[in-house]
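Taken from TrEMBL as is:
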| type | residues | note |
| --- | --- | --- |
| TRANSMEM | 12-41 | transmembrane segment |
| TRANSMEM | 61-80 | transmembrane segment |
| TRANSMEM | 92-116 | transmembrane segment |
| TRANSMEM | 153-171 | transmembrane segment |
| TRANSMEM | 211-231 | transmembrane segment |
| TRANSMEM | 243-262 | transmembrane segment |
| TRANSMEM | 282-303 | transmembrane segment |
| TRANSMEM | 345-365 | transmembrane segment |
| TRANSMEM | 386-406 | transmembrane segment |
| TRANSMEM | 426-446 | transmembrane segment |
| TRANSMEM | 458-478 | transmembrane segment |
| TRANSMEM | 490-517 | transmembrane segment |
Amino acid sequence: MLNKPVLAESLVVFVVVVSVHAVVWDRYSWCAVVLAVQAFYVQFKWDRLLQLGGAVFQFRAAANSGLLPASMVIPLLGIVMKERCRAAGIVYFERFGIVVASSGMLLALFLSVLAVGITKPVPTNTCILTGMAGSVIIYTMKHSLTVSEVIEVLEVLLIFVYLSMILLYLLPRCFTPGEALLVLGGISFVLNQLIKRSLNVVEGRGDPIDFFLLVAVVGVVLLGLFFTVLFMFMDSGTWISSMFFHMMTAVLGLGVIMPWLYRLIQRNPLFWLLQFLFQTQTRLYLLVYWTFLAASACGVVFYQNAKRSSESKKHQASTITRKYFHFIVVATYVPGLIYDRQLLYVAAVLCLAVFVFLEYIRYFRIKPFGQTLRQLLSLFLDERDSGPLILTHIYLLLGMSLPVWLFPRSCAPKGSLSGAGALVPYSGVLAVGVGDTIASVFGSSMGEIKWPGTKKTFEGTMTAIFAQIIAVALILIFDSSVNLNSSYAWILASVSLVSLLEAYTTQIDNLLLPLYLQIMFM
């Protein structure tokens, strides 16, 4: 029997794919349609493998595979980026969008072939469909990509294969197959871009803040892999191991990451960062304001833990309590988006590095704060944190930051795209900060009519759509750079589709929803 929520989720994704195809209408959008049909069929094979325990790795329970929604994100992002940059006449980034789309399609095909290959008995019809889809996509790539671009796409695939084997083995039950495709695919692409740019450094070419993002992401991933291997051979909870952890972090940071960044930006990274952060008075005000909000968030954590100590050791934070952090994040990002997006870009990268580093300290029980972090954060766990890592707060940060990081600044002559594209940097704020938060709060407190097959309510979804429309109106009032050019119907349709996706998906909505809203806006 077919799963109704999965069918509804798939229908929403198909509507997004067809919408992009109708606007773009080229060979790449046709490939996206073919990939979506193929991923829809293979998704059920993955779901069956997860139910029977036949998957190669241990994936997150209580969720479907999420193959279809995850498979379409990177290809669609590449296609809409290509289209925007083609319209702006920026050939380099138009080709870059094609490489992104091709890489995403190849990664999705690899995951599909993996599922088909380990399914017993071999599903003949699905094999034929996967083969036909693969043939269409590879034929299109053969006639669209240059030799260097083909090599780049294959490099991303190779990195993804090795990262998947390592991280899915080391981190059981942390991801669904779809989440693994998104997270590991993104890391693979970032690593490949960093290697490519490191080998082709041209002084004065490239924005330092882009290099800062690439080095920070790759640096924290390599740091985690290094310590994971190291602590296989020694107890990470002792003082000696903890001192070694802090010492090696300093050595790797100052001896590898800093010189790497210096080579890319051709200046001292620390001096550049300090000069960047304190360049204007507006940045000083924003930094002070963000420090206050960070202290407030810490205060919420300590207060809830004190409340747990006085009431019950089994006390868990409610849904509404967890949404406090969504409100704090919205209050953090909106002023940054209005007054200084470059500062927000760099601050988000720094926060990501700090969040991941603190998770390493918690996971490895590094003294003196490892055990304390375990106790403090255990209060906010939900069913999605079933693996050894706690990732929901990192996903929240990524969901808010990815639209800012992925915004095609080079293809936006005046710093902002036209029409609904002007709202692209606000995709995280609207989808996660406003929509998901309002849907959760109102749905859990006042919702009565449930969507078929889910715990989500009709009232929560409708309230979320209404709240996002109000948020768009407020953005128009306070951000003078946003000019929608009468594209209100498209914005309403985009917000409605993503809100429906939130109601039916079992994937990490903090990560998935902003990316789909960004695709629709672009």
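In case you wondered, yes, glycine gets a Cβ from its N, Cα and C as well.
Just so you know, TrEMBL annotations are computer predictions that nobody has curated.
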Segment-segment contact (the transmembrane segment (386-406); the transmembrane segment (12-41)) at 3 or more Cβ pairs under 8 Å: no
Leading stretch by Cβ pairs under 8 Å, where the reference is the transmembrane segment (61-80) and the options are 211-231, 282-303, 426-446, 490-517: 490-517
Top Cβ-contact partner of the transmembrane segment (490-517) among 153-171, 211-231, 243-262, 345-365, 426-446 (pairs under 8 Å): 426-446
Candidates 153-171, 211-231, 282-303, 345-365, 458-478; stretch with most C-beta pairs under 8 Å toward the transmembrane segment (426-446): 458-478
Remote residues contacting the transmembrane segment (458-478) - C-beta distance under 8 A, at least 6 residues beyond either end: 338, 423, 426, 429-431, 434-436, 438-440, 442-444, 446-451, 484, 491-492, 495-496, 499-500, 502-503
Long-range Cβ neighbours of the transmembrane segment (243-262) (under 8 Å; 6 or more residues past either end): 198, 211-212, 215, 219, 222-223, 226-227, 230, 236, 268-270, 357, 361, 364, 366
